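Some notes on the structure that comes next.
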Amino acid sequence: MGSKNKLRRFKENEKFENVIQPSREELTDNVFELKGKWSENFFKNDHPIVLELGCGKGEYTVELARKNPDKNFIGIDIKGARFWRGAKTALEEGLDNVAFIRTQIELIEYVFATNEVSEIWITFPDPQIKYKRTKHRLTNTDFLQRYKNVLKQDGIMHLKTDSEFMHGYTLGLLHGEGHEILYAHHDIYKNEYSPKEVTGIQTFYENQYLENGKPITYIRFKIK
């Protein structure tokens with residue numbers, strides 16, 4: 001993407017009513033104005049709040065919102081030029097149950113309050129395969145604790161990935177730490193019992209993985 005196109009998207013994001021772009025200082029130096037008040041002050045309803053972490057272009061966030069009008073969806077990514085597409089599509093379609101936040105995922109506890117989030121989706125994250133990058137894996141122990149701090153007591157986690165490494169790493173960690181695994185499969189499109197909410201949505205890159213014969217894995221779990 002050219003620099004001019006990026007700048008144009010950044011400017012449009014500033015005008016989009018479904019895009020929130022707090023600075024790091026706004027989150028860490030003060031109490032973020034929407035923390036604990038997303039339902040009341042942003043969505044203006046009491047529907048469950050669902051997050052997609054590392055949402056990229058926002059395809060999954062938008063499609064989840066289309067299929068579930070009784071839930072509110074928030075895509076989180078540090079690269080606003082990417083989720084510009086999802087934000088624009090949501091506005092064009094009049095989807096009022098969609099929002100996007102430009103921030104780092106490690107700041108999630110500054111954005112949401114305890115018991116504010118019902119579900120979290122992690123879709124096709126960078127597996128950070130090198131050992132020295134373990135701290136950046138979105139399902140490591142530290143990240144799981146952050147998620148637990150904003151999830152409701154019965155909150156659900158979803159991990160959908162083409163990385164067999166990430167799938168195996170996460171399963172091992174969940175077993176080792178005593179978390180509750182609700183469903184897991186290493187190739188969801190070859191399992192007739194895979195949840196429709198998982199197989200019914202495919203992003204551009206997921207379709208490419210499937211065309212190349214790559215299996216898509218999925219884990220649904222609760223953090224204890």
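Glycine is treated like the rest: Cβ placed from N, Cα and C.
Within D29, D77, D154, the residue that Swiss-Prot lists together with E52, D126 for binding S-adenosyl-L-methionine is D77. In sequence order, L53, G54, C55, G56, G75, I76, I105, I122, T123, F124, P125 are the same-chain residues whose CB sits within 8 A of the CB centroid of E52, D77, D126, the residues recorded for S-adenosyl-L-methionine being left out. Secondary structure at D126 (S-adenosyl-L-methionine binding site), as computed by DSSP, is coil. Long-range Cβ proximity for D162 (substrate binding site), meaning a same-chain Cβ under 8 A and a gap of 6 or more residues, is found for F124, E206, Y209, K214, P215, I216, T217. The Cβ neighbour count for E52 (S-adenosyl-L-methionine binding site), using a 10 Å radius and every protein chain shown, is 27.
Under a cutoff of 8 A between CB atoms, and with a sequence separation of 6+ in the same chain, the neighbours of D77 (S-adenosyl-L-methionine binding site) are G54, C55, G56, G58, F83, F100, R102.
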